[in-house]
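Accompanying notes for the structure given below.
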Amino acid sequence: MMLLESLVQLMPDINKAFFETLYMVGISLLVAIVLGLPLGVLLFVTDKGLFLENSVVKGVAGWIVNLIRSIPYIILLVALLPLTNLLTGTTIGPTAASVSLSVAAIPFFARMVETSMREIDKGVIESAIAVGATSWMIIKDVLLPEAKPGLVQGLTITTISLVGYSAMAGIVGGGGIGDLAIRFGYYRYDNTVMITTVVVLILLVQVIQLAGDSISKKVDKR
Amino acid sequence: MIEVNNLVKVYRSKKKEIVGVNNVSLNVKEGEIYGIIGYSGAGKSSLIRCLNLLEKPTSGHVKIDGVDLTTLKGDGLRKARLKIGMIFQHFHLVSSKTVYENIAFALKAAGKTKAKANKRVLELLDLVDLTDKKDQYPAQLSGGQKQRVGIARALANNPKVLLCDEATSALDPSTTKSILNLLKDINKKLGLTIVLITHEMEVVKEICHKIAVMQNGEVIEEGEVYEIFSNPKKPLTRDFINSILQFDLPEQLIEKRKGTIIKIQFKGEIAEESVVSELFQRYQVKGNILHGKIEYIQDTPLGIFIMELTGEASEVKKAIDYITSKTRSLEVVHDAA
């Protein structure tokens, strides 16, 4: 009875935290698509043997991506506080947390994009070159559609990683489910909150994975 | 139409250099179907890929329709490629696009408007007999149908030249035949120049006018298909021809025979004349055909017979002389005397 009562009492908090998490993940996902997708395409098409081969661009872009990806998120989060303050005017709350989440998501998704494009049969790209297509046409009409199932999978993995990262943002008062877990569950030793937040996160991840898989299958024409 | 001069393609890796194409010069006339045959690793694939600069030649020149492609770059090369169609062994269609979209892609590359492209795609679908498949995805098509889409895509911008990179090697014999017939048709109807590479002599026999045999990156023999078939000079060429004109008799069979065994080759009109029946009327010999075949190469017959002649030695000799004078191609396989 105690459990149910405290749960009901917590409902508004959990509800608010849930939407904060969706908000943070949503923003950083959007940024990942807007900036990470082109970056991933750039990493792919400048690779050796491809139609925009450029070892300098590939080297520099690859190096930056690796640099950001090698920093543990929790450190990135703290290191980016000045930038966060500059961009959002604050360092707490879900909007502030979105900044470091976005920075982490861009190179992560970019590598996902690059990997999914590597799966494309080189012959198909070649046939587009032979037909006289421009580089832009090859990217838009061959690479992106052919990589679509892989891109959806990559986006799913990125989303799930972001849900995990967003929980860490709770440490600096980022809001969201992770924040709730830390404040109530960890500092106040409230197991009910702890378990509830974990259950919510599990469900969220399951739903994201299921949705990702089904969309990926739907767009796959191979 | 296509002029290749001293083309060299060297592949460099850290450890070694591999010469893919070694100083090849070719001349393909307008409207010709030109076959390049060789075993895998002979360099034929490198050669054909150099023709539209999918591979950049290490040295040498490729001129198509008067334009030296090796001097072109970027947009110039891209525009030149619009006039050079290419089809591939594994079709290389965009799997996420329908048949219609795959063909329309080529027209988009040429900057055609949607309406113009639509009209042309429908024409092409009709040409390759795939109108009913227009909204299907490549995965739903058979190999032959995929290659037809490939052909439609390659022909979209009315190219002057069609390059076929082992276009039938992944297909079964009957599908191969239908694709070859389609290519032959296109060649006749549109006057399209076709260069094809293959390892199957059957393909060459079926549609080529001229043929080049490649080995170790070099063209070792070149000429009219009929000439090559009836008078091959290099052992490799003979190998390829033997692959479809197999004329070896079992050793035991030859030894058991009492008469003189001869191999006769009839070329062109002679194949249609009644040399053999004339022979039996003129000389006191009996003939027994052990093996024989008439192949039609480019609609010209090429007959090969293995015959056993029995009778008086002098009559047999006269008969042999008679055939030799008529065909200029007689080989005594086994002499009775």
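Here, residue 1 is simply the first one shown, and the rest follow in order.
For all residues, glycine too, the Cβ spot is worked out from N, Cα and C.
Annotations in TrEMBL come from automatic prediction, not curation.
Per TrEMBL, domain 'ABC transmembrane type-1' is recorded for A:18-212.
What TrEMBL records for A:21-45 (among others) is transmembrane segment.
Same-chain residues lying 6+ beyond the ends of the transmembrane segment (A:60-80) with a Cβ under 8 Å from its Cβ atoms: 39, 42-43, 46, 97, 99-100, 103-104, 106-108, 110-111, 165, 168-169, 171-172. Sequence annotations record features per position, and here TrEMBL assigns transmembrane segment to A:60-80 (among others).
Here the transmembrane segment (A:92-110) has long-range neighbours at 20-21, 23-25, 27-29, 31-33, 35-37, 39-40, 43, 64-66, 68-69, 73, 76-77, 80, 83-85, 154-155, 158, 161-162, 165-166, 169, 172-176, meaning same-chain residues at least 6 beyond its ends whose C-beta is under 8 angstroms from one of its own. Annotation source TrEMBL lists transmembrane segment at A:92-110 (among others).
The transmembrane segment feature in TrEMBL is assigned to A:122-139 (among others). Long-range contacts of the transmembrane segment (A:122-139) within its own chain (CB-CB distance under 8 A, at least 6 residues past either end) are made by residues 41, 45, 49-52, 146.
Beyond the transmembrane segment (A:151-172), the same-chain residues lying 6 or more positions past its ends with a Cβ under 8 Å from any Cβ of the stretch are 21, 24-25, 28-29, 32-33, 36-37, 73-74, 77-78, 81, 91-92, 94, 97, 100-101, 104-105, 108-109, 112-113, 115-116, 144, 178-183, 201, 204-205, 208-209, 211-213, 215-216, 219. Sequence annotations record features per position, and here TrEMBL assigns transmembrane segment to A:151-172 (among others).
The list of residues near the transmembrane segment (A:192-212) in space but at least 6 beyond its ends in sequence, with Cβ under 8 angstroms from a Cβ of it, reads 3, 6-7, 10, 14, 17-18, 21, 152-153, 155-157, 159-160, 163, 167, 177-178, 180-181, 184-186. Annotation source TrEMBL lists transmembrane segment at A:192-212 (among others).
Among residues of the same chain six or more beyond the transmembrane segment (A:21-45), those with a C-beta under 8 A of the stretch's C-beta atoms are 51-52, 57-58, 61-62, 65, 94-95, 97-98, 101-102, 104-114, 117-118, 135, 139, 143-144, 151, 155, 158-159, 162-163, 166-167, 169, 174-178, 204.
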